[in-house]
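As recorded in TrEMBL:
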type     : residues : note
TRANSMEM : 20-39    : transmembrane segment
TRANSMEM : 60-85    : transmembrane segment
TRANSMEM : 105-131  : transmembrane segment
TRANSMEM : 152-172  : transmembrane segment
TRANSMEM : 192-213  : transmembrane segment
TRANSMEM : 294-319  : transmembrane segment
TRANSMEM : 339-369  : transmembrane segment
TRANSMEM : 389-406  : transmembrane segment
TRANSMEM : 426-449  : transmembrane segment
């Protein structure tokens with residue numbers, strides 16, 4: 001009997017060590033990738049200064065930002081890893097090499113991501129900001145430790161302020177919770193704070209994702225070579241080269257001509273625009289016919305199919321919410337991996353779910369940086385200061401940590417939330433979940449219809465040469481019948 005107990009304890013110990021090693025290896029890989037990304041965008045002048053103290057502070061802040069970004073990437077991969085792990089165990093149920101992939105590992109990974117994401121949002125990122133902005137208390141000895149003391153004091157004051165706000169909010173909404181003592185801080189106040197942060201992240205995803213889904217068409221189109229109907233690329237390229245040479249000569253003789261100096265800035269902008277147009281035309285000329293005529297339409301059709309699939313799945317989830325209470329998002333303690341597929345279409349449906357989750361995350365990031373409120377946060381290569389980098393890491397962590405709740409609320413996947421992700425207070429409210437699904441479906445459909453109709457009309461205007469008209473072409477001045485008539489006359 002004692003031998004059996006010892007063997008069970010040894011097995012549990014080895015399982016815990018194995019799970020720890022796997023999590024450490026995964027996080028180390030993500031940390032290195034995140035560090036390479038941040039070093040690509042950081043401003044080099046902040047780390048090569050003559051002041052050793054400032055350089056040390058900036059390096060520590062960069063390490064904290066790298067940790068936060070790696071946690072954000074791991075939060076994005078939570079649902080894909082969980083769904084794919086279940087399908088792998090279904091495919092190889094008795095494989096010796098897949099014994100390390102179990103529900104305990106996935107559950108532990110969810111708990112670690114939840115812990116590290118809240119640790120980064122509440123402590124590490126505020127400390128990194130205060131650390132970079134601090135100079136030490138007046139009268140104290142200057143140095144890195146003086147900055148640490150000041151940052152810690154400011155962080156404690158911020159924590160007291162946030163806890164006071166949470167206590168007031170809980171007193172207004174739930175008076176019985178506010179009556180609890182401060183000894184119940186971990187059980188009542190912190191989950192309430194985490195629930196508010198998750199609700200803010202999910203609302204931010206609701207605003208950014210539909211806008212990002214519409215922007216994905218233009219962003220993808222700028223990266224690919226667009227086909228042009230009824231256009232001579234060589235003729236357009238020659239005209240663009242002549243125009244660029246003309247502007248270049250005017251800029252070169254600007255030092256001897258007074259009237260050119262007055263319009264020097266305007267000519268520089270025109271020169272840059274013409275130069276970028278010439279580069280795009282050269283790319284189109286060098287592109288193969290397959291890439292020029294097939295790559296762009298296939299990419300647009302793929303984006304359209306993914307977006308329509310997301311809308312249809314959300315509409316289906318709305319119907320399920322009205323008919324079946326099990327469609328509500330909820331948490332679970334044991335994932336029961338390898339028992340059944342989380343999609344009615346099997347492995348193919350699970351792969352589609354993973355693609356849609358990653359697609360929604362990319363669309364939300366595109367929509368976030370394309371919105372007027374957050375355009376200034378767009379990182380620039382080799383020219384992003386530490387304050388801007390901290391703001392970007394916090395924003396990405398908020399979006400990514402809300403992605404599992406966002407995907408489950410919309411019905412993109414049936415994988416229930418694990419650990420503390422499923423303990424948010426607002427997840428059990430039917431009206432919030434139902435209204436959230438309706439808003440997402442409506443906003444995404446409206447953005448998609450507007451984007452497709454305007455894009456089709458713009459391409460037809462450019463294809464038939466109507467963009468060269470002296471008047472401003474708009475929806476009212478160029479009806480669709482005129483586009484068809486012009487196209488038929490050119491074809492004839």
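Note: Cβ is positioned from N, Cα and C throughout, glycine not excepted.
Where the annotation comes from TrEMBL, it is an automatic prediction and has not been curated.
The transmembrane segment (152-172) makes no contact with the transmembrane segment (294-319): fewer than 3 of their CB pairs lie within 8 A, with pairs spaced 6 or more apart in sequence. Here the listed stretches are 20-39, 60-85, 294-319, 389-406, 426-449, and the one with the most C-beta pairs under 8 angstroms to the transmembrane segment (105-131) is 60-85. Contact between the transmembrane segment (60-85) and the transmembrane segment (294-319) does not hold: fewer than three of their C-beta pairs are under 8 Å, each pair 6 or more apart in sequence.
Same-chain residues lying 6 or more positions outside the transmembrane segment (20-39) and placing a CB less than 8 Å from one of its CB atoms are 62, 65-67, 69-70, 73-74, 100, 105, 108-109, 112, 389.
Simply put, out of 339-369, 389-406, 426-449, 426-449 has the most Cβ pairs sitting under 8 Å from the transmembrane segment (294-319). Counting same-chain residues at least six beyond the ends of the transmembrane segment (339-369), those with a Cβ under 8 angstroms from any Cβ of the stretch are 76, 79-80, 83-84, 86-87, 90-91, 204-205, 207-213, 215-216, 219, 306, 309-310, 313, 375, 377-378, 395-396, 399-400, 403, 406-407, 412-415.
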